[in-house]
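Among the features that TrEMBL reports, ATP binding site is placed at A:A27, A:P28, A:P29, A:G30, A:S31, A:G32, A:K33, A:T34. TrEMBL lists A:801-814, A:850-866 with the feature compositional bias 'Basic and acidic residues'. The compositional bias 'Acidic residues' feature in TrEMBL is assigned to A:913-932. Under the heading compositional bias 'Polar residues', TrEMBL lists A:942-955. Per TrEMBL, the feature domain 'UvrD-like helicase ATP-binding' maps to A:6-279. The domain 'UvrD-like helicase C-terminal' annotation in TrEMBL covers A:280-594. Taken from TrEMBL, the feature region 'Disordered' applies to A:801-977.
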Amino acid sequence: MDDILHGLNKAQREVVTSEASVLQVLAPPGSGKTKTLTSRVAYLIAFKHLKPWNIVTCTFTKKAANEMKERIRSFIGEELSKQIKLGTFHSIAGQYLRKYGQHIGLAKDFGVADTSDSKAIIKRIIKKHDLTSEAPKASGRISANKCKGIESAQFAQTAKNVDQQEFAVIFSEYEAELKASNLLDYDDLLLRCCFLMRTHPQCVSNVEAVLIDEFQDTNTVQYDLMSLFAQQRNMITIVGDPDQSIYGFRHAEIKNLKLMKDQWRDTLTINLEENYRSSGAILHAAQTVIEQDESRPPKKLQATHNYGLRPVLRKLPSAAAEAAWLVAEIKRMCALSGGVLQHSDFAILLRSAALSRVIEAALGRDGMPYRMVGGLKFFERVEVKLVVDYLRVINQPNHGEAVERIINLPPRRIGDATVKSLREEASKRDMSFWDLICGIAQGKTRSTTKLNAPAEKGLASFVNVILSGRRKLEVAEDEQISLVGLINLVAKKIDLQTYLKNKYENEYEAKWSNVEELMAQAADASDPERLKALMEEDTLPAVDDLDQRSTGNEDALSIFLANIALTATAETKTEEGTEPVPQVTISTIHSAKGLEWPVVFLPACYEGSIPHSRSDDNDEERRLLYVGMTRAQAMLYLSCPIKDTQKQETTMSSFLTQPGVQLYFEEHGPSMSLATAKGLATTLRREQPNLSGFNEGKQGLDRDEDNYWPLNGEEAPEERAKWDYGKAANPVAAFGASRPASWVPASAVTTQQQQGFSTASAMMSAGLGTVKDDFNAAYDDLLEKDRLKAIDKKRLEATKNSDTDVPKGRKRQIEGQGSISTFFAKRRPPSMKAESSGEHFTMPLATHTSRSDPLRDISNLDRRQLSDPLPSKPALAGLHKPRIAPLRRAPSSHAALPNKGYMFLSSSPQKPEDEENDPEPISEEPDPEDEVAQPQFKPASTFHTTSLQTLQQQPAARGRRYGVKPSINGWANRARK
DNA sequence: CTTCGAGTGCTTTTT
DNA sequence: GCACTCGAAG
């Protein structure tokens, strides 16, 4: 008893030991919801003597299910815990249907139609009838109806207007299609299971207790499912939090909470109120956001931690800058936390998965390890899906969807028209698609569809692949081919490697490694031990009066496939023997639910993103933000780019611009002192940092304050200088060389430079003033910006009040620390050294880190060079249009990119070996004042131009490489102004 | 009839 | 940046 109740507060104990039969637990974020629920399960088994296999526990995500399993195991041990019926609604429903499906006329071995299957079917129906509906909308509508328990026939009867009738057609044909292919979609799993339990209550007669996690996310069908599970004993415990209801789109009904109270009048409600996760400051901020919802009943939420650091609400110039800032902050926090924080302590949570691209690029550029959860799932990647579809068809050839998807992959000269004709013929003859083509290929069936010779050959080869796969399975069990063997067979038969190589060229390696990963997973799944465990887990307790379908002889393939559709994340296993590298997590807010991290970033907090433009429930969007914010333990960063990815101006999220909200936020990341680091450690209950670790971290940093970007969201001065005089001017110059050896010799450059210059002067006179003037103005501006941002916060606020007092423009005075000296490198940028010795100083520009900022190390330049005129941007920008190397998704797989027609940018923090041992600091670090006094310094010859041809001659260097899109926006923006 | 290239438009969240 | 459509060539 003590074990189970240990560490629980009063309210939690009350929940765990409650005698009430129906129990609602309202558990706000961080209140120990999962802990409480798992403790109750353990308690019921240990003290109420319930049998584990008579306890049903439903979660929404596989992740939550696994976590709960893990925790229960630590309470009651492996043996008991694995007997509990614990899983997602869908997986539990699936289990019941597999065992008892025959009683409701469900064929054995039904498949699960995933979203793309459903979408494909609907699309086809729409096309067939030449309807105007859109597939995704129709799909959502079908799901909405199903979730409410409305069936297609029922809908068709009530359909009145044209639109409804049209939809009724899609709906019923969709259902028919699924039935014909022996498929159930996600909703069907739940619906059919409800039907089963209603018509055959015996099958759940053993259930003694039902527990539901995240109850606020249940939809009507799931609610029914819960009631039906509990129909014998009415012993139910649910935990939930209306404030965290973020699945309205999946037709979750918050009102189920009330419904439940009405259905079971003696429902006991217990509120958990203490938050054990977040610092007070974070909690306050989150609270002000959620309290904007006036319809929401007020709720208490008590912090148990210290106040901690105030959350940050940061403005940045662009999505790219936001990403760069975020990376810089992670670095800074890591370095200055004195060892308290590492990469795995950071999470970046997004409203939509698509936002991750810029961020992944920034992380990749920096070489910071990360993992992306949510977004595209492993089993949804084309190459994986391809193989899985083959397996599906081999396992179950009547899976019409899968057959059609792969019949011409790799290309077999069987086009859409042929497929369509075949499909129609099949339905006319009332046979399955597979049976038809199989018959044709074997010459048994005479087809009315005329096939040309190549198509016929293609068809035969396809059928052959499938049949040979099936043959391997039909032999006696002990001779049966392994799952991996089967995948290999398929891969060989369809010559997958060649296909992938041809189709994806430079992505080939990544794609193939995914296939290998699939094999590894297959090997894992067909491991006899594991298989046994899986089968055991799949057992349902025998009940009187109702036969279970024997699944004893179910093969590894079926089990593997059945699990795929219901597996949320195929956890990429860490390589054996290697320490897992701490990784930053990128996730959607939705899939971050229930999780927590010491530091959380919520980027893209603008109108249209959160609240999302496609959402019609603002309150749900607000709750979503709330969920995101409350994932943070010690530090929370919100940020808003002034321009979104499409360079449209944004408005900050209305949830954050409500009066008073901003009082809870700082405008920039915290100054990190040893004391701050200690505070973090306290909040996180971690070991205190020591001074030496702190100092060490500080030394490795370029800057120790969040002061690179101005607080008002404007472009960083250094960045502007780069844009105006570097990157924008010359896309080809955006070639950063990390190894001088492979650099273009200066002589090769000269012609291009001169070319550029000559055009430049002509262009420049067209109304933009001289380059010189332009530069001076910008430079002054830049100094001013830097001065402003260097002033500490208080002063800034003081000046803000009398805003206009701050002279704009030409103030050269430098105050305080953090002044211009931050512009100059403490050490020579590596690539500069080799080049600056020659006749021409050719400094590669446009690495995005400040490491090679053109303004750095300015004192080191040959000053005669500096008086050269500047080339103009448009002149150079128009010269070449380099191809863009695709960004690689996972930084883990860096195949060498082709060495033709690509440009590379490489700014790896890991310097190449040859520079590694060159910490030689520049002796004459310039005195800031001095520099300012010499306005003739212009980064004119920090230009380096070269042609595409020259680049093509470069050998593809090794190392981390990212294609970089040259931007001429810098120029375009300026020109407009 | 199939394939391939160019051009267009859009882009929530999950089982 | 990607998925999808459309039109032209094989």
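We number each residue from 1, going along the chain as drawn.
Any Cβ shown, glycine's included, is placed from N, Cα and C.
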Exercise. Given the ATP site residues A:A27, A:P28, A:P29, A:G30, A:S31, A:G32, A:K33, A:T34, which other residues of that chain have a Cβ within 8 Å of the mean position of their Cβ atoms, reported in sequence order?
Worked result: A:T36, A:D241, A:L272, A:N275, A:Y276, A:R277
Exercise. Within 10 Å of the Cβ of A:A27 (ATP binding site), how many other Cβ atoms can be counted across all chains shown?
Worked result: 28
Exercise. In this predicted model, what is the average pLDDT of the domain 'UvrD-like helicase C-terminal' (A:280-594)?
Worked result: 84
For this session: Using the structure shown, find which entry in A:P28, A:G30, A:G32 (the binding-site residues) has the sparsest Cβ neighbourhood within 10 Å.
Result: A:G32
Exercise. Using DSSP and three states only, what is A:K33 (ATP binding site)?
Worked result: helix
Exercise. Near A:K33 (ATP binding site), how many other Cβ atoms are within 10 Å of its Cβ?
Worked result: 23
Exercise. Which one of the binding-site residues (A:S31, A:T34) has its C-beta surrounded by the most other C-beta atoms within 10 angstroms?
Worked result: A:S31
Problem set entry | Count of other CB atoms lying within 10 Å of the CB belonging to A:P29 (ATP binding site) | 25
